[in-house]
Amino acid sequence: MSLAPAVDRPSPAEPTRSAPPWRSGGRGGYLVFLVPGALLLLAVVVVPFAMNVGISLTRWSGVGDPVWIGLENYRKLFADSAFWASFRHNVGLVVAMAILPTIAGLVVAAALFDFVGKRFGPRTASVLRACVYLPQVLPIAVAGIVWSWILAPKGGALNAFLDAVGLGSLARDWLGDPDIALYSVMGVLVWIQLGYPVVIFMAGMQRVDPALLEAAELDGASWWGRFWHVTVPGIRPEVFVVMLTCSIAALKVFGPIYVLTRGGPAGATNVPSYFSFQNFFERTRVGYGAAVATVLTVLILLLTAFFLRVQNRREDS
Amino acid sequence: MATVHARREPGRYLVLIGLVALAGLMLVPFAIVVLNAVKAPADYAANGPLSLPQEVRIQGIVDFWQRVDFGRKLVNSALIAGSVAVLAVVVSVLNAYALGIGRIKGRLWVLVLFLIANTLPQEALVYPLYYLFKQVDLYDTRLGVVIVFTIVQAAFGTYLLSSTFVAFPREILEAARIDGANKWQVLVRIVVPISRPTLGVLFVFFFIWTWNEFFIPLVLLVSADNQTVPVALGVLQGQRLMDATTTSASALLGIIPAVAFFLIFQRTLTRGLTAGAVK
């Protein structure tokens, strides 16, 4: 309690009408409030990140002294087919976590908000919304446990279901077949992710002026017409936020891969984050893992900058 | 208008049925987990995962609970998530007070720095953290994980709160100043009480996000005594040693707290999601 006032408290008796008093004391007085956050940021984010970049320029097994090798890790990385494959899989995850949930989320949110909410009552809509949102609250590791067992080749619920309805020939080793494992993982991620855009879009739709929708309806616009020309443009900020946050989340995916497939079979579902984890802790190629993590960071920051630029330009125009 | 609606009558039920089917589909995995968590292993072996259990048997759940000392994991998770939520809200408030109300010089750059910290992949921090924490005896401690996530969550909180604090009514702050309140008193007696709803939302977010964290706790918490619920379950799953009914029992134990939080916090949560969605 005694930290701040000593610095520069403007005497309350002083008539500082011209300059607002809360600023007249100078800004230095507020710097002290940043100290805990800044120290933590330095210790947990800034220094470790700088170290990570440093490590990526060395050969190091985690014990002993790192050997400086310059950009060698990056040179190796860009020639490593496993690394490129992991990024290709990442594109699949962006589709599964950002693109498909956004598209499906728009339709579901509009149907719930504009249709079910108005014709069957808001309670029905919010119960349905809660059902769709439920997978979002699960720890991702738990969601992975649920699905790795449902998708198990022997005794898994999905294959048992296919058998029961006479489609046994469609039964697969969903996570163990290199040709379909990535698609299985994508399916799980769509299930996990869908509720997030639905909830955010429905909240955004409350902002869209109902008069616009009514006008469009009176002009004879179909439901789809109103959806495309009134609802979707009206919640454009939400669509941007969802696309950005989900794409970043997709690039960072680790938990589902760890629990569902461990990057396998034969690397068919490996992603950069799991690839770096493997290099850090399983293969003890720490320098190489750090290089993977650094490239991933650069990619995520570029994506963020790109999205924010596009968003700003849209708002300006 | 009436005719238009009448024409849509069959259609509107089709839409409803479609949405109910979707909601059902989203819930099927939960139902299957519950179904098999209370099934006897022999029953499962004989009738497979889709049959109704012949009798409700919670022994599998009890066995699993005792085998992994699940109570301990719950305590660990609650302790870590609770501490992080409180500390991260405090740090967010302090940062946002300096940035949003104090409007210190270069605040935009500080804000960008926090935003970057929030966006960075944890993969790019994890090895140095692992290494440094070993040096200072924070490796494999719950305190270490609390420290990491306090700033990870506060980075987001700073960003969100700063923008609401910028819009804080200046007249109130000025009035307090004239009455002789110093910066701490303004913060504690005026800013915090007035922004309590937003802080509540942040608290809930931080708690649930930290509860669900997997990657860094997996790396930092190696001993079973310190592990959180998701890490313990994830590690067991990775070992592929559990049979089907035990797996369901473990999944159910992971689901229950999450669903409980969801029900408790649902209102705050949806309101908060909206707050975060539109800048």
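Every residue gets a Cβ built from N, Cα and C, even glycine.
Marked as domain 'ABC transmembrane type-1' by TrEMBL: A:87-307.
Under the heading region 'Disordered', TrEMBL lists A:1-22.
The feature transmembrane segment is assigned by TrEMBL to A:30-51 (among others).
Counting residues 6+ beyond its ends, the transmembrane segment (A:91-115) has Cβ neighbours under 8 Å at 125, 128-129, 132, 182-183, 185-187, 189-190, 192-194, 196-198, 200-202, 205-206, 213, 223, 226-227, 231-232, 239, 242-243, 246-247, 249-251, 253, 271 in the same chain. Per TrEMBL, the feature transmembrane segment maps to A:91-115 (among others).
The transmembrane segment feature in TrEMBL is assigned to A:127-150 (among others). Long-range contacts of the transmembrane segment (A:127-150) within its own chain (CB-CB distance under 8 A, at least 6 residues past either end) are made by residues 108, 112, 116, 156-158, 175, 188, 191-196, 198-199, 202, 255-256, 258-260.
If you look up TrEMBL, you'll see A:180-203 (among others) marked as transmembrane segment.
Counting same-chain residues at least six beyond the ends of the transmembrane segment (A:239-260), those with a Cβ under 8 angstroms from any Cβ of the stretch are 90, 93-94, 96-99, 101-102, 105-106, 139-141, 143-145, 147-148, 151, 175, 184-185, 188-189, 192-193, 196-197, 200-201, 232, 269-274, 277, 296, 299-300, 303-304, 307-308, 310-311, 314. The transmembrane segment annotation in TrEMBL covers A:239-260 (among others).
Marked as transmembrane segment by TrEMBL: A:286-308 (among others).
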